[in-house]
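The following features are taken from TrEMBL:
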- 12-34: transmembrane segment (TRANSMEM)
- 46-67: transmembrane segment (TRANSMEM)
- 73-91: transmembrane segment (TRANSMEM)
- 137-161: transmembrane segment (TRANSMEM)
- 176-195: transmembrane segment (TRANSMEM)
- 215-236: transmembrane segment (TRANSMEM)
- 256-276: transmembrane segment (TRANSMEM)
Amino acid sequence: SLSAGLDLPGRFLFATLTLMTLIAILVFIEEAVYIYRKIPSSKRSIIIWINAAAPVISTTSCIGMWVPRSTMFTDFTAGIFFAIVIHKFLMMMIKECGGQKVLLRRFENGHFTISTGPCCCCCLCLPRVPITRQTLFWLKLGTFQLAVFRPVLVFLSIVLWTNGNYVLNNLSPKRPALWISCFIGALTLFALWAVGIMFRKVRILLKCKNIIPKFALYQFIVILNHLQTTIINIFAAQKIIPCAPPLSSTARGSYIAQQLLIMEMFLITVISRVVYRRKYHDLEPLECGVAEEPGDKTQTP
């Protein structure tokens, strides 16, 4: 068994990381109770979903750490959950502006700047798009497509994996792992782009609601859960991370990624509790002021 193969420092590390995961879950439960009691019902479920991102990733990483063969399923579970959270974060920004109707009235003559990351940050020549019901629909569709298609692609990956056709570390053009991973990556970039466009427009307006630190925490989860894990897996596949019998390079890279995620998600869970713990019903969107960008003629309703 796994515990029998660990020395004393290894058991202490596993116990500490498991304890951090349990504390993160307890902190989230306490925060969810607070949100349920203090925050209006229109925003309650969205904020609980967003706060659950870090504890869920920490829990799946802890399970993958103790049960190595479940790593593929735990990674897929965390990926599906965070795909939903990306859509929820966009919806939270719209809700914090007072809803879609209030947002459209507030930015009646405003424009979205689409030359933003991660897709078009270097394309400064792109035109600015008027803020209308249709453009809001496309932004919401940009995040919703990831929440829909990622579970479908994950299900397809698991079906192929059971037949031996899907090998995560085999990125040969003749194998489906490369194409599925690229397709998921493209869908994720489009979803993050939609969130970035909305945040760039409302960040000044929602400054009084701590939207900047909230967005920073969301960005940290994206970077740590996707970019950091991908880099470690690439290093492991290229044998840059040496093997340590009985662990191969790939297995050791997976352990390192999971252990780092547990510690990082624990910190993000604690910080999120501080950032989101305020009485939102005392803050009215129309009292926050109007955010203007150069070239916009924004009218206050």
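Backbone N, Cα and C define each Cβ position, glycine as well.
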Considering the transmembrane segment (215-236), which listed stretch of 46-67, 137-161, 176-195 counts the most C-beta pairs under 8 Å: 46-67
Touch test for the transmembrane segment (46-67) and the transmembrane segment (256-276), at least 3 Cβ pairs under 8 Å: yes
Ranked first among 73-91, 137-161, 176-195, 256-276 for CB pairs under 8 angstroms with the transmembrane segment (12-34): 256-276
